[in-house]
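Okay, so here's the structure we're looking at.
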Amino acid sequence: MDGTFSDSFKTVNGHAIEEDQDSLKQVGSFFPKFDSTIQLLNQLINSYDINKSLNEEESKVRAAYGQIREIILPYLEQPYLLDPYLEKLILPVIEKLRTDIKIIFQSNNQIELLKNYQNRNYLYKYLYLLTNVRGYKTILKFFSHEVNDLESTINFLVLNIENLQYCWETKYILLIWLSLIFMIPFDIKNVDSSADNEESMINKIMRIAKEQMSSAGKEQEGAALLISRMLLRKDLHQTELPNYIKWSIDQLNSTENIFLRKGILISLCNIYKQGLRDYILPLANDTLPIIHLFDDERFNTNSLLKKLLIKLAQRIGLCFLKPKIAKWRYKRGNRFLSDDLSVNVNNNSNNEDDDNEDDDEEEEEEEEIPECLEEIIEILLSGLKDKATIVRWSSAKGIGRLTQRLSKELAADIIEVVISIFSENTLTTGDSKESIEQVDISTVSDDTWHGACLALAELARRGLLLPNRLSIIIPWTIKALTFEQQKGSFSVGSNVRDAACYVCWSFARAYEPKIMKPYVNDMAKALVSLSVFDRELNVRRASSAAFQENVGRQGLFPHGIDIITKADYFTVGNRNECFKTISVDIANYEEYMYSMINHLISYSVIHWDQAIRELAAESLGMICKKDISYTENNVIPRLVTIANSTELNERHGALIALGEICHNCYIDISQSNDHWWTENQLNNIIKPISNILPQYSTLYLTSFGSEIALQGICFFITKLSEIKWPKEETKRWEELLLLSLERKEIVIQNLAIEGTKQYYDKYLISDTQLQNFIGKLDFAMDPIVRSGYSRTLSILPHNILVDHNDKIFNAITKICFYEENGTNNDVESRKYAIQALTNFTLNSNLTKEQYYAVIDILFNGMKDYSIDNRGDIGSIVREQCMKSFEVVIPFGTFNDFIDNSSLYIQVINELLQQCVEKINRIRVVACKTLIKLIWENNPKIPDGVIPKIELLENAFLSGDVDFRYVNTNDLYERLVPLIIIPEFRTSILTGLVVSVGGITESLVRDSSTPLLKFISVLPKDNMIINDFMDSLLSIFANYLNDDRVTIPLLMVLDLLLSSNSFEKLQDNEYYEKIFENIKHVIFKSKNVKKLVPAIKTFCGLLSQNISETLKHNIMQRLLSYLVHPFPRIRKLTAEQFYLALINIENKKVLLEFNEDDFELNDDDDDNDNDDFEFEDEDENTEKAKNILLQTNWNMGLAQIKPIRNSLYELLNITPPKTVKLNN
Amino acid sequence: MGLLTILKKNKLKEKEIRLLMLGLDNAGKTTILKKINGEDISTISPTLGFNIKTMELDGYKLNIWDVGGQKSIRSYWRNYFEQTDGLIWVIDSADRKDRFELCKKELLSLLKEERIAGASLLIFANKQDLPSALSKDQIQEFLELDTIESCHWNIQSCSAYTGENLVKGMKWITNDIRSRIFLLD
């Protein structure tokens, strides 16, 4: 055993040495952080001394370990890249661990040292990390395995387990380490130093390992490994192995501990995998009963246990059979590369001769097959149908391995059973290709088929599927390629299709071209369809890979390379592309076209996923165009049948497919010829298709699923109207369109509008119908109905609109208006009305007067801030209005309707305000519209109309920014500077106030920063702070009664005051105006959201440079809020007022200080007077401050009032007339 | 556990290696492939399709993909079941100057492809039996191979016609790959 180990070790190191140095140029490295890892590792190793307890170091060690982990973990994907460095990564750690263990055992105070040693867990954690990333087998090979390690490690392990509770990594590493050390080739008794009366080393280990085996963690696996390695020792197996097996069986039958069961099974699997046949064969019959636990209810509910049982069954089975590779298997024959190329030309045909010779030898080898093998194979076969993937996969591998050791006849039986799994639960009529194609698979289980596919692939890979079985296997595989079952709202089977692709891939590799030749065509067609039409990405990729493998190995079949380059791993990633481009492209090859059409009709058009049905219809339309006569004779009749099906999905899919196909096939001819059909087409194509809708049951149109049916119908009518379907064959169309138009689902309404547009474009609308439509545009109608008809009216053919211009115009405008608190205030329908009005404006011939009416409606819509439980829902109206401006304004410019440039300015103002408001979606639309109007549209806004256009250009166009993705920070940085333009100032500020005074923290931050910055650099370019104040005041004036603006405005004022933005403001009249406005805004208000910023603003004003009168008035106000009915307001007022007083004081001190400097020559008397007054005032203020601070403002008003009243005197404020001081 | 993990594990167990054979047209790719596969090389016409040949070397199964003169070789980089482990770039050592320029350009753009980072690169300086052939050192210098840092590479002079050094090159790339992927097996 030892020998094997060192041998493998030598190859590792030997590689580089043996290698011709000249030819080995290794540039770069796959482990660039190696050096820093080693550094960290050294930190870890040297971080402390085993003799000292240095717990404070732990955080440092943990950090180092964390860094190493960060470096190593990414290698999980390709762990072998670490291999060249493993030795250096592991050996120093092992060295350190060994010395530590020695020190511990030489010491007298083992327990104490062990406690210090807990820190050293990080070294074990590190080793565990490596095993986790690279696998324990590889890592273990670098561990030391000397005889004198054995006893100390065992004792250390025992110590650890008895004393340390939580270090599972330590236990795991120690266990697997022991499993390695136990492979020393000496008799274990010789190294056991335990005294006779002590527990022997073996028993100790057995006891500990058995204990650990029932743990739930990783140490369980370590223990199982240790036990199996130990029991398989030459000197132990005879005595210990039978006992262990017996113990295992007892435990498995009796224990309720699920972890112990798992641990025991792992250990048994290890034993039967690694054990020499001589050791384990005698015990196989005794172990065999365990596998019947597969049906035991204590086991069969747990997939992991079942998988282990399957594994065990397989291993026991293999143990019964002599290891050999079936001679009868099919060998493709790989050439062996050897050094003398010049000699062996043309001798690889030898392989084929070998095949024949093998057959002769066959009969000689008749080995006795133990009967129990049948049980094993039965369990493996039933495992193929298990509901857990891991169990099925384990079974498939087991079957492959066992079959390899069986005689040809027995193997044939197994393969027969695997094949028969496909036909389980079906009514199979025979083994021919045709009958397999016809099989109904709705009753089979997807698990079963998946398992069968895996088993087939396993068998094929090993060459165990002889070519004569392919004629039946391949049809089943191709059937599996399209496996899908619907289960309620989801479907299963993509795993079956994926596995079937794997089978096809394995076939391509396993067999020679001449064997695959009869099947390659069918397979290629199926794979091509799958790789472009499957719903699931992994299946499309699997299929394209299988196809590629077939093309590469099975020789040239039609256009293989072209298809590989068109539908490769990357391109099949995008499903839309697959259906719309790649498939249409591939269909140019006739060899695949018809099978693709067939796949689309059979699977995709009737798919359960509506998105797939729609894509399939589109794809089918484009592909069918390539062969119209085939389409007319084969495709359309099939689809007509499906369209009359009772299944909703089939009906819907077929209907839209027919729409697409007819549209694609006849659009060209119908453009040049109104009466394009032949008699034959009328009877065989048009009539059957036209008959579908009249036969639709009303149930389909009203019950569950009708929304899908109607979508299909509208689409169908649209497509057929476009190609001028014969008028007399359009029965029921108008009725169905109008029905859809009145549906509440907006998807249907949109499709219906498109349908009516096309329909009335080809088949004229009657006057009565038109009157009917106009009649629906009334607030009395349901908003949805109103929206549907208004939009439909607006897109009727131009001549109709012109003929009824005024009537329709009046009808639409009527429903556009916004009525505050009106009962008809439905926002959605107003949005659609405005949309309709916009369409109408563009499609009809408006008078100038009417045009201005439209503009007025749009301006009116921009003021729509309706709110419902969805929040600012008026935003959708504003959004629509902006989109309308985008087209209506250029239209007006073009038609010379706009004779006053102030209209442009007004529009820009509206847009700029929206550009900085708080909803991102609206900001984006506003910015885009503005850019279109000013710079991109044709015609754009005339030159010279917009003032300071260079500033706008800088804000919107510089840096080529896409406003859809711009972050708010950048956006406000760009737009706030535009406040400098007087014409736009108030609009921008109005929008900005709402953002700055909003409640979203990030938005407030991003918008307020540029604003404060802007104010701080004033005056600039003729703008002074007074202009800014004027603007603010005008916003007050405009929105005095609108909380939407005033509340944020108060917040903004508070922000500006507290950030000292008004420092430069000389004119204190503004403060009075602000005070007056606020007074007005909060008059009689009980809205706390409003009062809070108002009070804060008042207090902020106090510390500004304001007149004494104003100060007095404000304080008077504040004092009245101290007795507000809401305690919260009282408290806030007291707090803010207190702070304001402190502020004023500080200012005064500063002022005095300045006065001392400059006003030394002032009249002495005056000075004295002042001083005296100040002192007196100061004292009072101090008292007032104390009252404000110390009063409990939560008390009842009756208690508070006298306290408040005392403040009037202290602060020298005249009480308002209503306040009676002496109550 | 999906099918892909299963396959990945299988590939390692079965010691399979996937190699992609590339180079300008007429560099001798198919001739090399046929030669090492022991086939007749007297009649070889430009490769229209592509071939996958499997052969064994030192217990490893090499799946060699001869992509021929495909315009787009991107399709072969990666597929659902496997990833490319190594690239064999074949050069006609007796080619014209402008073709060498082209060759250099193609090779550099190939190495920029992120998906092959980590794959081993073997460059066959083919047609050494022709008198006008450049030596491998000259080619190495011209192609500025020493600047390559993204992968393990090696250049090997050879002749597909005589078979000289072909196996040596194949051994290098197999060894290099197995030292990366199959270490310790």
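Every residue, even glycine, has its Cβ placed from backbone N, Cα and C.
For B:Gly23, B:Leu24, B:Asp25, B:Asn26, B:Ala27, B:Gly28, B:Lys29, B:Thr30, B:Gly69, B:Asn126, B:Lys127, B:Gln128, B:Asp129, the entry in TrEMBL reads GTP binding site. The feature Mg(2+) binding site is assigned by TrEMBL to B:Thr30, B:Thr47.
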Residue with minimal Cβ packing [other Cβ atoms within 10 Å] among the binding-site residues B:Asp25, B:Asp129: B:Asp25
Between B:Thr30 (Mg(2+) binding site) and B:Asp129 (GTP binding site): CA-CA distance (Å): 17
Mapped DSSP class for B:Gly23 (GTP binding site), helix or strand or coil: strand
Between B:Gly23 (GTP binding site) and B:Thr30 (Mg(2+) binding site), the C-alpha gap once rounded to whole angstrom: 11
Those residues of the chain, 6+ apart, with a Cβ under 8 Å from that of B:Lys127 (GTP binding site): B:Gly28, B:Asp92, B:Ser93, B:Ala94, B:Ala133, B:Ser159, B:Ala160, B:Tyr161
Binding-site residues compared (B:Ala27, B:Lys29) - the one with the fewest other Cβ atoms within 10 Å: B:Ala27
Local Cβ density at B:Gly23 (GTP binding site) - other Cβ atoms counted within 10 Å: 25
